[in-house]
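Encoded as C-alpha cells, the structure appears first; notes follow it.
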2 protein chains.
Amino acid sequence: MDKGSFRTIDSVGRGELIKELMEHSSFSRDEVIQGYGDDCAVLENRGEGIYQLLSSESFMEGVDYDLTYVPLHHLGYKVATAAVSDIYAMNGTPQVVLVNLAVPNKISVDMLKEIYRGIGAAGKDYEFQIAGGDLTASHKTLGISISCRGEVPGNNVIYREGAQPGDAICVTGDLGAAAAGLRILMRENKFWREQEQQQAFQPDLSDYEYVVRRQLVPVARKDFIEQLTDLNLSPSSMIDLTQGLVSELKHLTGASEVGAYFYQAALPISLDTRSVADEMKEDVDKYALYGGEDYELMFTLPEQKVEKLADEFSDFTVIGKITDSSEGIRMQKAEGDVAVFDGREE
Amino acid sequence: MDKGSFRTIDSVGRGELIKELMEHSSFSRDEVIQGYGDDCAVLENRGEGIYQLLSSESFMEGVDYDLTYVPLHHLGYKVATAAVSDIYAMNGTPQVVLVNLAVPNKISVDMLKEIYRGIGAAGKDYEFQIAGGDLTASHKTLGISISCRGEVPGNNVIYREGAQPGDAICVTGDLGAAAAGLRILMRENKFWREQEQQQAFQPDLSDYEYVVRRQLVPVARKDFIEQLTDLNLSPSSMIDLTQGLVSELKHLTGASEVGAYFYQAALPISLDTRSVADEMKEDVDKYALYGGEDYELMFTLPEQKVEKLADEFSDFTVIGKITDSSEGIRMQKAEGDVAVFDGREE
C-alpha cells in the first residue's frame with residue numbers, strides 16, 4: 001500500500017467513513033426500507049409463518065486471525081461466511097448483516113475498506129445486504145463482529161434437535177482442510193519472522209492453494225440449502241462445522257438426546273489435506289476430527305432419504321449413524337477398534 | 001471477589017458457560033421460538049405492516065470504558081441501554097438482543113456473569129430477551145458488542161429525516177450529566193493511581209451520585225416512547241443523544257436537509273452537572289453541547305403539538321427551532337451573540 005495514501009480514520013470523519021465503507025454493500029434487497037444512515041436498519045415484514053433468524057460471530061485479531069498472513073478482504077469474507085453459515089444451518093436464507101468493528105490506530109481507512117470489500121463480495125455470493133453496524137476504537141487489536149438476520153418458513157426450520165436413532169449422519173464437502181491451511185500459514189509465518197531481513201509476506205503457497213483457500217476464504221453451503229429446497233427434503237437435524245466434527249457431534253447429539261457411531265475410514269478428507277499432514281508428520285484424522293472452520297454442514301437423514309439426496313447432489317458423505325443416547329459418541333477406527341468421545345454438550 | 005472462587009473460562013467449558021450466562025436472561029417473550037442453544041435465535045413473525053429494527057453497539061475496554069471504575073454489571077446495563085436507545089429513537093420496541101463478547105484471560109466466569117446480570121437487568125427494564133450471541137477470546141482487553149432487534153408498526157416509524165422548518169427542537173431529560181460523571185470518575189481514578197498503597201477503588205462518590213449514575217447506568221427513554229403512543233403523537237424526526245447535542249443535531253439536520261437555531265439559555269442542565277463543572281473550573285455548556293452518552297432523545301414537533309405533549313409529559317425541553325437548510329446550525333448565546341456550528345453530517 002502506498003504510504004502517501006494512508007488516511008487515518010480521524011482525518012476522514014465517522015459519517016464519511018461509514019458512507020465510504022457502505023459502498024461495498026453491493027447487493028440490495030427489496031425489503032430493506034432503511035439501511036445505514038439512521039439509528040437502525042428497517043426491514044419490511046414478510047407475512048405470517050416466516051421465522052426471522054439472527055446470528056452473530058466475533059473474530060479478534062491475535063486470537064482468531066493474524067493480520068500477518070490474513071488479507072483484510074479475506075477476513076471480511078470469512079467473518080461473513082461464519083455468520084451466514086449459521087443461518088444456512090437452520091435451513092434459512094440470510095438477508096442483512098450488521099458489522100461491528102473495533103479499530104486500532106494502525107488500521108487505515110483503506111484497510112477498513114478492504115474488509116468491507118470482502119464482506120461485500122460475500123454479500124454478492126450469499127445475497128445479503130450490509131444494513132448497518134457500529135465502529136469503535138480499540139487500543140491494539142482489530143475486532144470484527146458480524147450479526148446476520150435471515151428468515152425461513154416456519155415449517156422448514158431445522159434445529160440441532162431432531163436426530164433419531166437409525167438416521168444417517170452426513171457431512172457436506174470434506175473435512176480438515178481449513179486446519180491444514182492454517183498449519184501451512186503458521187509455518188510460513190514462523191519462517192518469515194525468523195528471517196533477518198523481513199520482506200513483505202509473499203511466500204509461494206501455490207502447492208497448497210486448496211487448503212490455504214479453505215482457511216482464508218471458506219465458503220458457506222448455500223448450494224446445499226438450495227438443493228434441499230429443490231428436492232423438498234428436510235434433514236431431521238443440522239449444524240454447521242465451525243469447531244470441528246467431534247465438537248459439533250457433541251452439540252448435535254446433546255441437543256437431540258441421542259448417540260452417534262461413525263467410521264474413521266468414512267471421513268471425507270481431500271488429498272491436499274492428507275499431503276499437508278504427511279509433510280507435517282501429523283495425523284490427518286486429527287485435522288478432520290478437531291480442526292475447525294470448515295463451515296461444512298453436518299445433518300441427519302432417515303436412510304431412505306439419503307438415496308433421494310444422492311441422486312441429485314453428490315458433494316456429501318455418510319459417515320455413520322445416530323444411535324441410542326446410552327451409546328455415547330463412538331468411532332470405529334480403521335484398524336477395527338472403537339474410540340469413545342466423552343462429554344456430550346448441549 | 002474471593003480468590004478461591006475465580007474460575008477460568010476454560011475450566012467451565014463453553015456450553016456450560018453460555019448456559020450459566022443465559023440464566024441472567026430473566027425476561028421471556030412469547031415470540032421467541034428458540035433462544036440460545038442452537039445456531040440461531042428463531043422468532044415468530046407478527047404479521048404484515050410491522051417493521052423489524054436491528055441495532056448494534058460495541059464497547060471496547062480502554063476506549064469506551066475503564067474497568068478500574070466501571071462495575072461489570074453496570075457495563076452490561078449500559079451497552080444494552082445504548083442498543084435499545086437506538087430502537088427507541090425509531091419509535092420502536094426492543095425485543096431481543098445478541099451479545100458478543102471478546103474476553104481476555106483476566107476475566108473470570110463470575111465476572112462475565114456480572115456483565116450478563118447487568119444485561120439481564122436491562123432486559124427486565126426494557127422488556128427484551130437475550131437470544132444468543134458469540135464468545136471469543138481476546139489478548140488483553142474486553143470487548144462487548146450488543147445487537148438488538150425490535151419492531152415498530154410501519155406507519156409509526158420515526159426517522160432522522162422529516163424535520164420541517166418551523167418545528168420545535170426538543171430534548172428529553174437533561175444534558176451533560178454523563179460527561180460530568182465521567183470527569184468525576186476520571187479524577188478519582190487518577191487520584192487512586194497516584195496513591196502508593198492502592199486499595200480497592202472505593203472512593204466516596206456520594207456527593208456526585210446523580211452524575212456518576214448518569215455515566216455508569218444511563219437509562220434509555222422507554223417512558224417517552226410509551227407516552228408518544230398513549231398520546232398518538234408522532235414527532236417529525238427523532239434521534240438519540242449518543243455523541244452529544246451538536247453532533248446529533250448535525251446528523252438530524254443533515255438527514256432532514258434543514259438548519260437549526262437554538263438557545264444556550266434553554267439547554268436543560270441539572271444543578272448537579274453545573275456544580276461539577278464549577279468544581280472542575282470548566283464550562284458546563286461544553287458538557288451539554290459535546291458530552292456524549294446521555295441517551296436522551298432529541299425530536300422535532302410542529303409548534304401546536306408541543307402543547308399537547310406538554311400537557312401530559314413534563315420531562316422535555318424546547319431548545320430551539322428548525323430553520324431553512326441555508327441557515328446552518330446556530331446557537332444564540334446567553335450574552336446575545338450567535339455561535340455557528342459548521343459541518344453538517346448525514
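Residue numbering: from 1, along the chain as shown.
Positions of Cβ are set from backbone N, Cα and C atoms, glycine also.
All annotation found in TrEMBL is predicted automatically rather than curated by experts.
Annotated domain 'PurM-like N-terminal' per TrEMBL: A:37-152, in sequence order.
For A:Asp39, A:Asp86, A:Asp240, the entry in TrEMBL reads Mg(2+) 3 binding site. A strand conformation is recorded for A:Asp240 (Mg(2+) 3 binding site) in the three-state DSSP classification.
In this structure, A:Asp86 (Mg(2+) 3 binding site) is part of a helix by DSSP. Of all Cβ atoms in the shown protein chains, 28 besides its own fall within 10 Å of the Cβ of A:Asp86 (Mg(2+) 3 binding site). Residues annotated as Mg(2+) 4 binding site in TrEMBL: A:Asp39, A:Ser55, A:Asp86.
The number of other Cβ atoms within 10 Å of the Cβ belonging to A:Asp134 (Mg(2+) 1 binding site), over all protein chains shown, comes to 22. TrEMBL lists A:Ser56, A:Asp134 with the feature Mg(2+) 1 binding site.
TrEMBL lists A:Asp64, A:Glu293 with the feature substrate binding site. Cβ neighbour count for A:Asp64 (substrate binding site) (all protein chains, 10 Å cutoff from its Cβ): 21.
Residues or ranges marked as Mg(2+) 2 binding site in TrEMBL: A:Asp86.
The feature ATP binding site is assigned by TrEMBL to A:Tyr116, A:Gly133, A:Asp134, A:Arg160, A:Thr242.
The binding-site residues near A:Ser55 (Mg(2+) 4 binding site), taking a 10 angstroms Cα-Cα threshold over the set A:Asp64, A:Asp86, A:Arg160, A:Thr242, are A:Asp86. On the backbone, the CA of A:Ser56 (Mg(2+) 1 binding site) and the CA of A:Tyr116 (ATP binding site) stand 17 Å apart. Put simply, A:Glu293 (substrate binding site) is 5 Å from A:Thr242 (ATP binding site) when counted between their Cα atoms.
Proximity to chain B, taken as a Cβ less than 8 Å from one of its Cβ atoms, holds for A:Ser55 among the binding-site residues A:Ser55, A:Tyr116, A:Thr242. A Cα-Cα distance of 11 Å separates A:Arg160 (ATP binding site) from A:Asp86 (Mg(2+) 3 binding site). All chains included, 31 other C-beta atoms sit within 10 angstroms of the C-beta of A:Ser55 (Mg(2+) 4 binding site). Each of the binding-site residues A:Ser56, A:Thr242 was scored by the other Cβ atoms within 10 Å of its Cβ; the lowest score goes to A:Thr242. Separating the Cα atoms of A:Asp64 (substrate binding site) and A:Gly133 (ATP binding site) is a whole-number distance of 20 Å.
Following the DSSP three-state reduction, the secondary structure of A:Asp134 (Mg(2+) 1 binding site) is strand.
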